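These came from TrEMBL, pasted as-is:
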{"type": "BINDING", "residues": "B:H89, B:D91, B:E110, B:H127", "note": "Fe cation binding site"}
2 protein chains.
Amino acid sequence: MSDLTPYESRLKRAGLRLTAQRRVILRILTEHDDHPDATEIHRRAVERDPRISLATVYRTLKVLEETGTVDRHAFGDGPARFEQADRDHHDHLIDVDTGAVVEFSSPRIEELQREIARELGYEIVHHRLELYGRKLKA
Amino acid sequence: MSDLTPYESRLKRAGLRLTAQRRVILRILTEHDDHPDATEIHRRAVERDPRISLATVYRTLKVLEETGTVDRHAFGDGPARFEQADRDHHDHLIDVDTGAVVEFSSPRIEELQREIARELGYEIVHHRLELYGRKLKA
DNA sequence: CTCACTGCAAACCTTTTGCAATAGA
DNA sequence: TCTATTGCAAAAGGTTTGCAGTGAG
């Protein structure tokens, strides 16, 4: 009851059960900080506990998304990809050749976005900014 | 041979056949300027020519995308949505309550994007900027 | 002891594809 | 005529769901 990670205690606070499967999935999302899709998360999860089904991975990801623990992204048109949510806000640059994801943030752009939305009569709920680029020759 | 719209002659220039189905789909995309998905385009197409299949709509959209005639968007996580490409570049603000799409453009943001990419060692191939917002009380 | 959660398999939704028939050029 | 394009139906890929069984609290 006492050796809970911040993520685990957040689940409990939300009134959700802390199952073995959820523990494993949480650990996968917090240990690496890449952007795996559900299948990849399932693959990693099964290594640690072969009883975890893909359906549970999807259900858990949905729950974690709803409690604000993970962010869901849809880069390009492939499957959704996930990352833990708690860190600083950032956007993504995706290498079109390799699929690599580089994170960045620009307070100036954020500010311009709010400005534009306000001019159009809107308040921003969330946004999506993705740059798709190719590595420059050095 | 002479009464072709700019879009139709562009197809011919690309060495593609100008079929009745493609004419209808082109007309749907140029007449309205909303952002319909493939099913909606098919629905509108069948009103004009019941022989058009959904498969053809998808194939045509792919061809039109490749020739730079339409842009494909993936707002939120639903089906892809399409619009004609030829107009000025712009980004989208999506009303989270109604699904309405407002277009805007910001040269300043574009410039900042290029700047950021360059700093990270990348050249931008394309980008996606979507604001999801809620109408302000007036 | 309860009912939230799980695994399994089937269903779903969007999009793509193989194949034989059709129709632009 | 020649082959790009089409319709149909089946398949593919990602994600969700119904149901009966399991396990966290």
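Keep in mind that glycine also has a Cβ here, set from the backbone N, Cα and C atoms.
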Provide the number of Cβ atoms within 10 Å of the Cβ of B:H89 (Fe cation binding site), excluding the reference atom itself.
11
Enumerate same-chain residues with a sequence separation of six or more from B:E110 (Fe cation binding site) and a Cβ-Cβ distance below 8 A; give 'none' if the list is empty.
B:H89
Near chain A, which of the binding-site residues B:H89, B:E110, B:H127 can you find when the cut-off is a Cβ distance under 8 Å?
B:H127
Residues other than B:H89, B:D91, B:E110, B:H127 within 8 Å, Cβ to Cβ centroid, of the Fe cation site?
B:H90, B:S105, B:S106, B:I109, B:Q113, B:L129
Translate the DSSP assignment of B:E110 (Fe cation binding site) into the three-state scheme.
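Reduced to three states, the DSSP call for B:E110 (Fe cation binding site) is helix.
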DSSP on B:H127 (Fe cation binding site), three-state: which is it?
strand
